[in-house]
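Per TrEMBL, the feature signal peptide maps to 1-16. Annotation source TrEMBL lists domain 'Peptidase S53' at 40-356. Positions annotated as region 'Disordered' by TrEMBL: 95-114. Per TrEMBL, active site, charge relay system is recorded for 121, 125, 298.
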């Protein structure tokens, strides 16, 4: 019996240390397409709804955004170039490295052939980050696999490359916090860290649950017939909840809404939110072809990293609560937890809006 308990414990830790991407596609991944689905053009349709000045082509100038994904993503650069042309964006300042900072890139994810692999995730991450902050440099770090060991190597590499912001659109069960030492070093080096909160509803996932990482939840955008803003609600798939292990930071603990969440001294997820519902998702380029209705909190995390690049500040979890970010409070919708005025377990403080 004792050996069985040990075996199950080891299996649990192993499972927690392997991450999965957080993208969703309308009509796939268990997502029923809405009858009125109209995939957004990210630059024309989405960014103005968040107050981003799309006439300013210097958004993110002088900033470097690091993107971490698993496997090789061999068409990432050509897809990014095609996306830029299709959306009237300047060519991206793009660099690709392996997890050790070299050019020994891993093979592509075998699931890319069906459109379910990490290659889609990589395309989404790069393209939305570039749409938001077209003047920022993008460095893609390709991990050998989705294990924490290999993903952590990318954290170390991007820290050594002196990026300003890191976006991580992946997650999994809490329990293995081996990434925290890498996150701490990155934060101490002045780097913002963003992670998607998950796409399975009311659940806290890691690395979003780390005390060093800004957890990004998901919303649904609703527009009028002319494309103007109507409302924004919580996305039902948005990850969120109370961490089982991570202590709340003082800045979140001091938030007037924290006490009512029932987190009892643990981190409340997410910290903030952005567009994630694939039924109000975007169109990207993957393997040279348009792929419509892409969402998940995988969209929200790099979108937020791009926002941080426009602002030009290190955005830490503490900064979310003290840095003067303008939020649109999301008070409708549910992921199992209900959105409410102020801090909640679906959209955090709300959606980051304004020109910075």
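Note: Cβ is positioned from N, Cα and C throughout, glycine not excepted.
Unlike curated entries, TrEMBL annotations are predicted automatically.
Here the Cβ of residue 298 (active site, charge relay system) has 31 other Cβ atoms within 10 Å, regardless of which shown protein chain they belong to.
Mapped onto DSSP helix, strand and coil, the region 'Disordered' (95-114) counts 5 helix, 4 strand, 11 coil.
Note on the domain 'Peptidase S53' (40-356): its mean pLDDT in the predicted model is 95.
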